[in-house]
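K.L.:
What TrEMBL records for this protein is below:
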{"type": "DOMAIN", "residues": "51-198", "note": "domain 'SIS'"}
{"type": "SITE", "residues": "K69", "note": "site 'Catalytically relevant'"}
{"type": "SITE", "residues": "E122", "note": "site 'Catalytically relevant'"}
{"type": "SITE", "residues": "E166", "note": "site 'Catalytically relevant'"}
{"type": "SITE", "residues": "H207", "note": "site 'Catalytically relevant'"}
{"type": "DOMAIN", "residues": "224-283", "note": "domain 'CBS'"}
{"type": "DOMAIN", "residues": "292-345", "note": "domain 'CBS'"}
Amino acid sequence: MGSLPVSASPECAPQSRATVSASDLASLFSAQRRHLDHFFERLDMSQAAAFAQALLDAPGAVFFTGVGKSGIVARKIAQTLASLGFARAGFLAPVDALHGDIGALFPGDVLVLLSKSGASDELLALAPCARAKGAYLISLTSAASGADCPLAAACDLNVHLPLQGEVCPFGLAPVTSTAIQMVFGDTVVAAIMEARRLSRDQYASNHPAGKIGKTLIFKVKDVMKKQNELPLCKEGDMIMDQLTELTSKGCGCLLVVDEEHHLIGTFTDGDLRRTLKASGPAIFNLTVGEMCNRNPRTITAEAMAVEAMEKMESPPSPVQFLPVVDDNNVVCGIITLHGLVSAGL
């Protein structure tokens, strides 16, 4: 081992405040863009397609491995692939694998090894052991195949990820190479989603929590108000007699229905203010049916909740609620913007 320079203690470090200017950032982002363009322009698409096909055709599990920052990227790609539900996918820590975890590998499994240099000692030690277990080995390296990339020689397939340089003052910190690895891995995963014709329902089944899951799983019937929570009235009811119903249900509206609960229209607290301003004392003689909106936006209980939100926000002007009706225009609920937000949507 060589000798590392001794770092200055915090007490001896300069006290002046470091700053980052917008021009410095712009220069670095420009350099990063050039490096990424270099990658896109020189990536061998036949290698990329062979890699994607190997993942698609894998008869067993697909494992990803790497050391340091490449290991973090490997774990992320493995988790993304696992979330599609096509195959068992996971991260295999290289050092742990050499101390027992390699037992997770079976003949026919695929092991993807990520390494910028293609010469990581831990991966070079793991490769022959994984091959002995019957795994198919794929390396993703930024060093071209040859003497400078022994990992490629140890694998069945190597994909070269062209790297012009790192956006780092020393050209050492993996701030561009890891971006390239991530872009490549995630794009291949997207290609696999298309090849397998992954449906929204299939994707949703593996994302039951969080905003993604709620967006894909929740239907209007899951978040709507119903039965006694509905602010209902008849078209012949006097406006002033329905103020309690209008304000007590927390919907900001009345659903105007007939005797069989068919929707006739809606009357909002905004309609109340406008009617009061226009009619003055005459409002005491007006019925809800005379002033209601007889062509409101509606939605069905089986529609996706996110569709309800989109419908509320659509032109010509946003609304705060949607009556929920069945195929016969019978009211079965109401969904509100507040309810959607409270549900995490």
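Every residue, even glycine, has its Cβ placed from backbone N, Cα and C.
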K.L.:
For K69 (site 'Catalytically relevant'), write down the residues of its own chain that are at least 6 apart in sequence and whose Cβ falls under 8 Å from its Cβ; none is a fine answer.
P.N.:
P174, S177, T178
K.L.:
Between the Cα atoms of H207 (site 'Catalytically relevant') and E122 (site 'Catalytically relevant'), what distance do you get, rounded to the nearest Å?
P.N.:
34
K.L.:
E166 (site 'Catalytically relevant') to E122 (site 'Catalytically relevant'): how many Å between their Cα atoms?
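P.N.:
About 23 Å separate the Cα atoms of these two residues.
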K.L.:
Counting every protein chain present, what is the number of Cβ atoms, excluding its own, within 10 Å of the Cβ of E166 (site 'Catalytically relevant')?
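P.N.:
Other Cβ atoms within 10 Å of E166 (site 'Catalytically relevant'): 21.
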K.L.:
Taking the Cβ of E122 (site 'Catalytically relevant') as reference, which residues of that chain separated by at least 6 in sequence fall under 8 Å from it?
P.N.:
V67, P94, V95, L98
K.L.:
Averaged across the domain 'SIS' (51-198), what pLDDT does the model get? Just tell me the whole number, please.
P.N.:
93
